[in-house]
Amino acid sequence: MATDVEKAQGVDTSHTVRDGEKAGIATQQAQPNGPPVDPTSTAGSMAPVLEPVPQSQRRGLLGRFSIIPEVTNPYTYGNGTKWWMTVIVSFAAITSSTGSSIFYPALAQVADDLKTTPTVANLSLALYMLAMAFTPMWWSALSEKHGRRTIYLLSFSLFLVFSCLSAVSVNIAMLIVFRVLSGGAAASVQSVGAGTVSDIWEPKVRGRAMGVFYLGPLCGPGLAPVIGGALTQGLRWRSTQWFLTIFGGVMLALIFLCLPETAPRRVVQPQRVADGRRRPNKGVQVLKRIFGPLQVLALLRHPPIVVAVWSGSIAFFTMFVLNVSLQAAFEKPPYNFSVILVGLTYLAPTIGYAISSLLGGRWIDYIMAREARKAGRYHPDGKPKYLPEDRMKENIWLASTLYPAALIWYGWSIDKGLHWAVCCVACIVFGLGVMLVMGAVTTVLTEFTPKKSSSGVALANFLRNILSCTGAVITQPLLDAIGTGWMCTMVALIAFVTGNAAILALRTWGPQWRVMMDRKLNSDKA
């Protein structure tokens with residue numbers, strides 16, 4: 001039997017049926033007395049065969065109407081089809097983050113129009129973000145049971161209705177209720193979308209695909225204030241909700257036509273014959289269905305999950321601190337920017353997110369493949385054995401140092417009243433670092449929990465949105481108390497110390513932790 005150390009150095013992160021050998025797909029064989037066969041070579045092997053599922057057997061709500069058919073093995077989709085599906089999911093993921101940030105410029109008008117205080121109006125934003133934190137756990141659990149497509153269509157149909165009702169709200173209570181419901185509906189893609197990306201992309205290229213997917217949630221907070229500022233200034237605050245309604249309708253149509261079911265088929269276990277034991281109480285069954293998704297929190301007992309989740313959550317926290325600070329800094333002297341110009345400053349970190357998304361994912365995949373080659377980890381068929389912790393090498397060290405340093409740079413530039421361009425360059429660098437962290441963390445989480453990839457991401461979304469909500473609430477009081485420079489320095493030091501400590505722990509004990517986690521997860525299912 002293999003020892004724990006041997007397992008730690010040889011466990012393939014892709015140990016589900018998806019990531020292993022697929023029926024009907026020939027794999028490459030290593031030479032008996034030579035080096036492993038280059039896994040990228042096509043010589044001597046059959047190309048994967050695309051096998052569409054018959055229309056009558058397609059899964060998911062109204063699955064037979066999808067232009068892109070469901071296939072037996074989603075890895076066999078062509079690259080063009082995979083990228084198109086990834087882009088759709090990424091744009092769908094923009095919806096929830098756009099719904100929060102588009103409302104920043106409108107809060108003053110909301111308070112005036114609905115005859116309430118700014119503090120109460122802020123609840124329509126803060127509670128929206130709390131809904132984004134909690135609901136992905138339920139969406140994730142439902143997707144593991146009913147499939148991704150069904151959840152997409154259901155959640156975006158609800159988002160369409162709730163956004164429309166938000167737009168016609170006659171008082172602040174109605175607005176808050178339907179804003180919360182719309183935020184909870186749109187948040188489905190945050191966890192389920194990562195599952196879709198994991199379904200269709202093999203581990204060796206999954207990093208770059210996850211980077212494109214995560215570009216959506218991170219670009220939303222950058223682009224939405226620009227849109228929200230223009231709409232609020234020209235058409236009043238209700239136009240922001242009509243914009244979300246239209247955008248949600250477009251995404252619903254694209255999902256309906258272009259996103260087939262991709263989740264692994266569930267193996268139905270034969271029911272055991274009753275042996276005199278009482279059937280579970282119906283009330284107990286109902287409670288399990290309601291609170292069952294909270295079981296995803298049990299993943300926090302595993303150190304690799306804690307480390308990955310914290311690394312992403314603290315980065316997301318600093319992002320919302322920056323977002324609130326931008327609004328507060330540029331609307332006052334010495335800048336005195338208009339609503340639209342303040343919105344345009346959010347494009348600076350978005351540029352960083354975009355650059356890092358395009359380049360960072362490829363870097364992550366390269367590092368993982370390089371580490372497998374250096375360690376000489378190969379399957380008998382010549383394919384490298386990939387380990388999730390291999391994705392977090394020099395890239396994550398650089399990123400976890402870069403974005404705190406950029407936050408300090410930005411904070412003191414604002415504090416000293418330097419030219420706006422200096423502040424925006426700091427924001428671009430900040431975006432580069434944050435996106436590197438988020439792309440790596442999301443990919444690693446799907447590989448630490450490959451059989452329930454959306455559950456691990458749902459847990460990360462839960463914690464990061466709790467922190468982002470906290471950041472949105474505490475930033476302004478901190479700015480008033482100690483100023484932009486010292487506030488950014490304090491937050492950056494917390495992020496730098498805790499983020500790098502978490503990564504150091506993963507690099508030191510990651511292989512052993514992963515073996516213990518795999519054993520524990522397998523024993524829980526037994």
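These residue numbers are counts, starting from 1, taken along the chain as shown.
Glycine residues also receive a Cβ, built from the backbone N, Cα and C atoms like all the rest.
Keep in mind that TrEMBL annotations are predicted by a computer and have not been checked by a curator.
The shown structure was predicted, so the numbers you read here are calculated from the model rather than taken from an experiment.
Annotated compositional bias 'Basic and acidic residues' per TrEMBL: 1-22, in sequence order. Positions annotated as domain 'Major facilitator superfamily (MFS) profile' by TrEMBL: 85-507. According to TrEMBL, the region 'Disordered' annotation covers 1-48. Taken from TrEMBL, the feature transmembrane segment covers 83-107, 119-139, 151-178, 212-235, 241-259, 305-326, 338-364, 395-412, 418-445, 484-506.
Panel annotation: around the transmembrane segment (484-506), residues 303-304, 306-308, 310-311, 314-315, 317-318, 321, 325, 328-329, 389, 392, 396-397, 400-401, 403-405, 407-408, 410-412, 414-416, 437, 475, 478, 513 of the same chain, lying at least six beyond its termini, place a Cβ under 8 Å from a Cβ of the stretch. Note: the stretches the transmembrane segment (83-107) and the transmembrane segment (418-445) are not in contact (fewer than 3 CB pairs below 8 A, sequence gap of 6 or more). Nonlocal intrachain contacts for the transmembrane segment (119-139), taken as residues 6+ away from its ends with a CB within less than 8 angstroms of a stretch CB, comprise 96, 99-100, 103-104, 107-108, 110-111, 151, 155, 172, 175-176, 179-188, 190-192, 293-294, 296-297, 455, 457-459, 461-466, 468-469, 472-473. Most Cβ pairs within less than 8 Å of the transmembrane segment (418-445), among stretches 151-178, 212-235, 305-326, belong to 305-326. Here the listed stretches are 151-178, 212-235, 241-259, 338-364, 395-412, and the one with the most C-beta pairs under 8 angstroms to the transmembrane segment (305-326) is 395-412.
The stretch with the most CB contacts under 8 Å to the transmembrane segment (212-235), chosen from 151-178, 241-259, 338-364, 395-412, is 338-364. Below 8 angstroms of C-beta separation, residues 101, 105, 207-212, 214-215, 218-219, 221-230, 232-233, 319, 322-323, 326-327, 330-331, 391, 395, 420, 423-425, 427-436, 439-440, 443 of the same chain, each at least six residues beyond the ends of the transmembrane segment (338-364), sit close to that stretch.
Restricting the average to the domain 'Major facilitator superfamily (MFS) profile' (85-507) gives a pLDDT of 87.
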